[in-house]
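Before any comments, here is the structure.
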Amino acid sequence: MIKIADFTLFFFIFVFSPSLPLAQSQLPDLDPQDKASLLIFRVSIHDLNRSLSTWYGSSCSNWTGLACQNPTGKVLSLTLSGLNLSSQIHPSLCKLSSLQSLDLSHNNFSGNIPSCFGSLRNLRTLNLSRNRFVGSIPATFVSLKELREVVLSENRDLGGVVPHWFGNFSMNLERVDFSFCSFVGELPESLLYLKSLKYLNLESNNMTGTLRDFQQPLVVLNLASNQFSGTLPCFYASRPSLSILNIAENSLVGGLPSCLGSLKELSHLNLSFNGFNYEISPRLMFSEKLVMLDLSHNGFSGRLPSRISETTEKLGLVLLDLSHNSFSGDIPLRITELKSLQALRLSHNLLTGDIPARIGNLTYLQVIDLSHNALTGSIPLNIVGCFQLLALMISNNNLSGEIQPELDALDSLKILDISNNHISGEIPLTLAGLKSLEIVDISSNNLSGNLNEAITKWSNLKYLSLARNKFSGTLPSWLFKFDKIQMIDYSSNRFSWFIPDDNLNSTRFKDFQTGGGEGFAEPPGKVEIKISAAVVAKDELSFSYNLLSMVGIDLSDNLLHGEIPEALFRQKNIEYLNLSYNFLEGQLPRLEKLPRLKALDLSHNSLSGQVIGNISAPPGLTLLNLSHNCFSGIITEKEGLGKFPGALAGNPELCVETPGSKCDPANIDASQEEIYQNELVEGPISIWIFCLSAFISFDFGVLGIFCSARARSYILQTKA
């Protein structure tokens, strides 16, 4: 099954079941036979929280989760959701002959779904979601003629083929939710013709086959994360009713049919992660009720559809994601008329021209991602009108000009990524006011000047990259002052003097891998943004931006002198350290002091003395480069060198002793360099290649020593 890389969409809409008969103020006594069945059930299960300790006596009012019929006392409804109950289901439940609603969701029940459930002939609602049931749908379900809702979602080992009779056994069936299970095969044809069906959710299974048109007025259709193929049907029968259509992460191909414009009630359309291509027809006019449109990760080409804004003025589009396609041309000015827009993602296309100057008219905008295009011009000053902005990502374009001091008006900003452009000038001091910043990437530009201590006001900073610019001056004493920092990349600049050790004793690069120790449970560089869509109160947009990288420091390719601060090797959570291509002196600290170290590059410096201890001591060490220094003495392969061929090349006074070659202490020469010369990947790029090999599959590429692949996902949930 195709795995979700970037965006995942979950829809939870409940179709209200018919009201059960209400008990009168004087509740009846529980039917003796039903009482006996329930007591047997209670004894058979594990009730760790003693949630069913109220099950005693004769009055229905005392029994947790029960609703009884007046005057018979027969059990009509049993709701035991979220009580942490476990064990297999005892067949005594099947003796509740009048039961109309059974909800055992959010527990730890296991085993097969009891086949005796088929004897509950009055059952209208069955919810067994979020348990550990296995096997397949019992054939006895064919007897449940009154069933209106069946929810079996999130039972990962429940599956098999959906029975061919499933759409025929109950003419009243309105809601079917088999999401996040293991169902396989094609959709049974009977489901396509079940006239009463309004909600069908089969997300995250392994279902196959082509999609055919449904013949009923569906309201919600969610077939995401399966293996459906073929082209997209028109859903003619659902034109007056279909509100949510999610077929993301399948293998659909072809163009986007113009008939989608006839779905006048459509509010959520997600066709991301498929194989759609061609241009989007200019005749296609989306529903004026559209709130969310996600066509990302396809092969669409041509110009961006401009008619979206002509039909979305009443309620307004909240999310527009057309990223990862082949759209070209300018960004249409009409997009700046989508007044309710909160997330705009047009990244990874072929867009040209300027960022629209009127983008600041989108005052509700919280996420802008225009990265990986060919946009030109400067960052429009009008963008400060997006005063609710949380993420501004415009990296990998051809933008120029300077960083506007007025950007300090975006005081809610958490993510600022303008890397890989042609932006020049200095960092405005006014940006120190952006105290919510967590990720700042301004690498690979033409920025210059000295760094000002004012940026230490970014107290929430997790990731800071100034790499590949023209910054100069001494490294500031406050370099390690950020309390929450995980990654610092100042590589390929013109910084000089010493590596400061101020604040190193108080800084503890956080342990984000296990969630234990002194760190936090969240992964490194993760920023979560939750957006409430005011236009539809039930919607919540969760935008997550991950720097899938490790904890580390990169100060390579600068003009640094002096010794490596001892305190730097006391940062026990550091995984990557790159100080190569500088003028550092002194001895190599013991690597045992960095137990989590995975990559270390100290090459092309002037480090000296003997290499003491086992250089492969950190168990996770994968890359080591100590070449082109001034180390001396004798080292054997037993001390860990065999794991890193070429790691000590270019140290003429160092002799590496192998089983076939012994060192003469009186005659150490430079022959070792020739032995390893062809095995060494030289320069700072060596550690980058390591990172690239580990993380090349991630969405946004690699950022320096930290292997910073960027992934993002956002979830638009429709809650009951």
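Backbone N, Cα and C define each Cβ position, glycine as well.
Annotation comment: Swiss-Prot describes C60-C68 as disulfide bond. Residue density at C60 (disulfide bond): 23 other Cβ atoms are found within 10 A of its Cβ, drawing on all protein chains shown.
Annotated N-linked glycosylation site per Swiss-Prot: N49 (among others), in sequence order. DSSP gives N49 (N-linked glycosylation site) a coil state; it is part of no helix or strand. All chains included, 11 other C-beta atoms sit within 10 angstroms of the C-beta of N49 (N-linked glycosylation site).
With a cut-off of 8 Å between CB atoms and residues at least 6 apart in sequence, the same chain places D47, L48, N49, S51, N107, N108 near N84 (N-linked glycosylation site), listed in sequence order. Annotation source Swiss-Prot lists N-linked glycosylation site at N84 (among others).
N108 (N-linked glycosylation site) has a Cβ environment of 15 other Cβ atoms inside 10 Å. For the recorded site, N108 (N-linked glycosylation site), the DSSP three-state label reads strand. The N-linked glycosylation site annotation in Swiss-Prot covers N108 (among others).
Counting every protein chain shown, 22 other Cβ atoms lie within 10 Å of the Cβ of N127 (N-linked glycosylation site). Annotation source Swiss-Prot lists N-linked glycosylation site at N127 (among others), citing sequence analysis.
Of all the Cβ atoms in the protein chains shown, 16 others lie within 10 Å of the Cβ of N168 (N-linked glycosylation site). Per Swiss-Prot, the feature N-linked glycosylation site maps to N168 (among others); the stated evidence is sequence analysis.
Under DSSP, N361 (N-linked glycosylation site) is assigned to a helix (H, G or I) in the three-state scheme. Among the features that Swiss-Prot reports, N-linked glycosylation site is placed at N361 (among others).
Proximity of N398 (N-linked glycosylation site) to non-local residues of its own chain (separation of 6 or more, Cβ distance below 8 Å) is seen for A374, L375, T376, N421, H422, given in sequence order. Per Swiss-Prot, the feature N-linked glycosylation site maps to N398 (among others).
Swiss-Prot lists N446 (among others) with the feature N-linked glycosylation site. The C-beta environment of N446 (N-linked glycosylation site), restricted to residues of the same chain at least 6 apart in sequence and closer than 8 Å, consists of H422, I423, S424, N469, K470.
The N-linked glycosylation site annotation in Swiss-Prot covers N505 (among others) and rests on sequence analysis.
In this structure, N578 (N-linked glycosylation site) is part of a beta strand by DSSP. Here Swiss-Prot flags N578 (among others) as N-linked glycosylation site, drawing on sequence analysis.
Annotation comment: Swiss-Prot describes N614 (among others) as N-linked glycosylation site.
Of all Cβ atoms in the protein chains displayed, 26 besides its own lie within 10 Å of the Cβ of N625 (N-linked glycosylation site). What Swiss-Prot records for N625 (among others) is N-linked glycosylation site, and it gives sequence analysis as the kind of evidence.
Feature annotation from Swiss-Prot assigns region 'C-cap/acidic domain' to 649-682. Mean pLDDT for the region 'C-cap/acidic domain' (649-682) in the predicted structure: 64.
What Swiss-Prot records for 146-168 is repeat 'LRR 3'.
Marked as repeat 'LRR 15' by Swiss-Prot on the basis of sequence analysis: 438-458. DSSP states for the repeat 'LRR 15' (438-458), grouped as helix (H, G, I), strand (E, B) and coil, give 5 helix, 7 strand, 9 coil.
Counting residues per DSSP class in helix, strand and coil order gives 0 helix, 8 strand, 15 coil for the repeat 'LRR 3' (146-168). Note on proximity: among C60, C68, N361, N625, the recorded positions of the record, the Cα nearest N168 (N-linked glycosylation site) is that of C68. Taken residue by residue with DSSP, N84 (N-linked glycosylation site) is part of neither helix nor strand, so it is coil. Put simply, N127 (N-linked glycosylation site) is 19 Å from C68 (disulfide bond) when counted between their Cα atoms. A separation of roughly 44 Å, to the nearest angstrom, links the Cα atoms of N361 (N-linked glycosylation site) and N578 (N-linked glycosylation site).
Considering only the glycosylation sites N127, N578, N625, the residue whose Cα is spatially closest to the Cα of C60 (disulfide bond) is N127. Least packed by the Cβ count within 10 Å, out of the glycosylation sites N361, N578, is N361. Every protein chain considered, the tally of other Cβ atoms within 10 Å of the Cβ of C68 (disulfide bond) stands at 24.
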